[in-house]
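So the structure is just underneath, and the comments pick up after that.
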């Protein structure tokens, strides 16, 4: 039976992928065939990895019961959350449909308004459905892997680390595979059904990116509010007021805390990366199509299809990197039981092990960028262009490494910044918070310098590629160079997401070990995995923000191209000396702070509800703290679920409606300027200011929050007084401040900056005056 199923899983992708060879021109058909085949095979590998992980035991009866409680809480929350998101998505889809249907007709278009509206409607719902699916599937895997990682940690350190990473890889492969397949499916259908050229199709795919961003924002907001409200509530009662260890079964909020790791860090992050890749692919395809049209190169198809090929290679190289992971020992200590207390110390740092696998993926990705640049981007009209663009991709790869190393420096307890926060905790709660905030602010500098250098270098490399605009005869290709750099950064996205998922799965495993009281050094192993998990989460957040900044620049450029194509007017610069344009930009910066404030407030309100419920339970029965009575875990789960869903609406509405308000106010309600492009100019200014402010704020919050968390973890290793000391309590206060910074507001912001750009790209033509 298993052999028959395996054969079907191999034959089916070949059968489905082969359709592209029958109905498309040769180059498009071959590209779609291989990219879809790789995506289908990656789904198969994801299935095999999941099967391998789920083959391990869940552990003792008590571990299975706790895992089941986490599973029920996570599934229940996502079921309610996705019902709400589905309603929002359907309403939004109809609004988009009517906005497109009522707008002015496209200039020189062979499509009617109804056709464009229907396509955008369908693409939006497809993107939303795929984004929700990967989030839900990621959560399903994590809630089944946690108890198995706990069990494997009791067997050996190597097994625990390997199973934890492969569990994360299941979701990572699903995310990129489904994103690719969704875009390939829509591109194929639209190309075959509609009377438009291959370079025009990507403009119709923007609805797919909008739908993915729409779901990702609410998934990250709801999940982030849930996870940090539960975490902060559990820490305040447990560590500060009652001196209860983390994940202690006597704390009524423990299960809600563990549920939060799955719905926020797994489901939310899966949807987040899905929309990042979708936005980057679509915007790069748009810029490639525009470049092909302007230069009239002979092999213009390659410029449109290159993003699909590169992300297919990501699935291959990242899988190789993940499967190559083998922890190295410095001494022969094979397992925990034989050498209690020594196992973890006898191995290299888990982060070093993970980074070694990443380096393998990185080298292979670099080779793929060079090969694919030649295959897709070589043109006899500009024979040197392909290696200019290959260099842009290499710069993107180097940026990814730099972001990871900078984030590791500021958030890993082996380095000075985290130790500085820990030492500040000896002076009290206030000094901990002051130093932690300063670390977050300082960390922004290096990140932004690298982003600026990458943008300028890759733009200039693209401009010097030898491609010339056939109308103006000036050099062009700069924007496509920045697109290639963004793709280079995301060319190992599968591995990065696997590292990201590593953290919450390890955290859950540690919670199960603590609640079940597993003996030996099992907790030491899971603590070590959890600690490096905090670093990998911070590292991947830095990576995600950097890629979001570059992707937002691409979306901004695509917005300018769309308006220029729609109106036939030159639209290449935004003049800030126009008062309306400057005010719109200022409003963009304001919205970032308002959005962040509402999101942070939401965590505080939900956390207060959790604290109130935990205090009620603890005060009403002294038997809970003595361990004689089991707390009512489900009461906390129900409360935080209700609060998270209620609180996510306001910041979500701010993100979606702010660019729409700017565009329509200056189109319909502002009579003092007759320039038909004034509303798009104001929206462009809004995007510029909101993106720059959003990137800075997101970096500050994400890195600063990660440093707060690891400073607490560092003290818990026994230094500076260890657990239960006044220094530790001060660090816990810093951690409660840092938790919503790094896991709620920071991640939501880098979705926010892409969402506002995607909303503007989708509705851009409707902002233009008659």
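In case you wondered, yes, glycine gets a Cβ from its N, Cα and C as well.
Checked against TrEMBL, the range among 358-377, 458-477, 518-537 recorded as transmembrane segment is 358-377.
Between the listed ranges 282-303, 304-325, 326-347, TrEMBL ties the annotation transmembrane segment to 304-325. Residues 88, 92, 214, 217-218, 221-222, 225, 580, 584, 587-588, 591, 594-595, 598-599, 602, 678-680, 682-683, 686-687, 690, 748, 751-752, 755-756, 759-760, 763-764, 766-769 of the same chain sit 6 or more residues outside the transmembrane segment (648-670) yet have a Cβ under 8 Å from a Cβ within it. Scored by C-beta pairs under 8 angstroms, the transmembrane segment (201-221) has its highest count with 114-137, from the stretches 114-137, 169-194, 358-377, 433-457.
Between the transmembrane segment (581-600) and the listed ranges 169-194, 389-410, 433-457, 749-768, the one holding the most Cβ pairs under 8 Å is 749-768.
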